[in-house]
Amino acid sequence: ILKQILPDEKEIDENYQEGAFLDPFLEDEKSPVEGLTHRYPDRVLFRATNFCSVYCRHCMRKRMFLEDERSRTKQEYDRMFEYIKSNKNIKEVLVSGGDPLTLPNSKLEYIIKNLYEIDHIDVIRIGSRELVANPFRFYDEELLEIFYKYDKVWLVTHFNHPNEITSETKKAVKNILSTGTPVLNQTVLLKDINDDKYTIENLMRELLKVKIKPYYLFHCDPTKGVYHFKTGIEKGIEIMEYLRGRVSGLGNPTFAVDLINGLGKVPLLPQYLIEKKEDYYKFRNYEGKEVEVKI
């Protein structure tokens, strides 16, 4: 757990960081309004603050550590709202940062309320690690009332290891689920932290126990200062193949690589379709058994 938050000399060692970028996904370049990134036609990234309760050493926005800690002003938020209102193809907003749940409740509600009132927005996705870093945030009745009031909100959290799911976390998850808010999880595959099949299996099972749906398992991003955590892509595929035969679909996340230059996420799976001929397909199951099927 400590490896995720304690600085390491490898972060500034070019031997480990070769091939990495400060902004690999061109979030700043693809920003039509300060604070917004518009990569996909139907959704935008809304960076509400650059402050977090804890600074993960594997953060994809590590470049923000170089800036002063601050949340944006309401005037900045208003310009972001105007852009979203003017683009009716936008159906989903990912409110991130930093961590938006470090904001005061009044400021958080200002963001959510304004997004909620835009007719063409169907989903408001809050990306937060507070369930790990500060689960007591979800003991706040005023915060829970905000989640209850705005039913477009989804919470996407970030557990990387089963030991991060504590008794305090379990209570916090119950509190947020009681508001009717769906909770999903994104995990990053990190070298020497969770890059083995048993740890990931245990994490997926523990998430299901508390009714958090595993959403993504990400290959480590090519971000400067982060690349020493990378595993081979083959490691992720190996883990997914192991999970496929042992954990139900509820507990199987999508393994994905986020492509540089803002080209988007690519899902990766083990190869189960082996061969296609004129009148049949040959498949392989999770045990390695092969079968021909006429379809």
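Here, residue 1 is simply the first one shown, and the rest follow in order.
Backbone N, Cα and C define each Cβ position, glycine as well.
According to TrEMBL, the features are:
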- Cys52, Cys56, Cys59: [4Fe-4S] cluster binding site (BINDING)
- 38-250: domain 'Radical SAM core' (DOMAIN)
- Lys265: N6-(pyridoxal phosphate)lysine (MOD_RES)
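All features noted in TrEMBL, drawn onto the structure.
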residue	record	DSSP class
Cys52	[4Fe-4S] cluster binding site	coil
Cys59	[4Fe-4S] cluster binding site	coil
Lys265	N6-(pyridoxal phosphate)lysine	strand
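It is 17 Å from the Cα atom of Cys59 ([4Fe-4S] cluster binding site) to that of the residue listed as 'N6-(pyridoxal phosphate)lysine'.
Within 8 A of the CB centroid of the [4Fe-4S] cluster site residues Cys52, Cys56, Cys59, the other residues of that chain are Val54, Tyr55, Arg57, His58, Arg61, Lys62, Asp99, Arg129.
Cys56 ([4Fe-4S] cluster binding site) and Lys265 (N6-(pyridoxal phosphate)lysine) have their C-alpha atoms 21 Å apart, to the nearest angstrom. Contacts of Cys52 ([4Fe-4S] cluster binding site) defined by a Cβ separation under 8 A and a same-chain sequence distance of 6+ are given as Gly97, Gly98, Asp99, Thr102, Arg129, Ala133, in order along the sequence. Over the domain 'Radical SAM core' (38-250) the predicted model carries a mean pLDDT of 95. Note: Lys265 (N6-(pyridoxal phosphate)lysine) has non-local neighbours Tyr216, Ala256, Val257, Asp258, Leu259, i.e. same-chain residues 6+ apart with C-beta under 8 A of its own C-beta.
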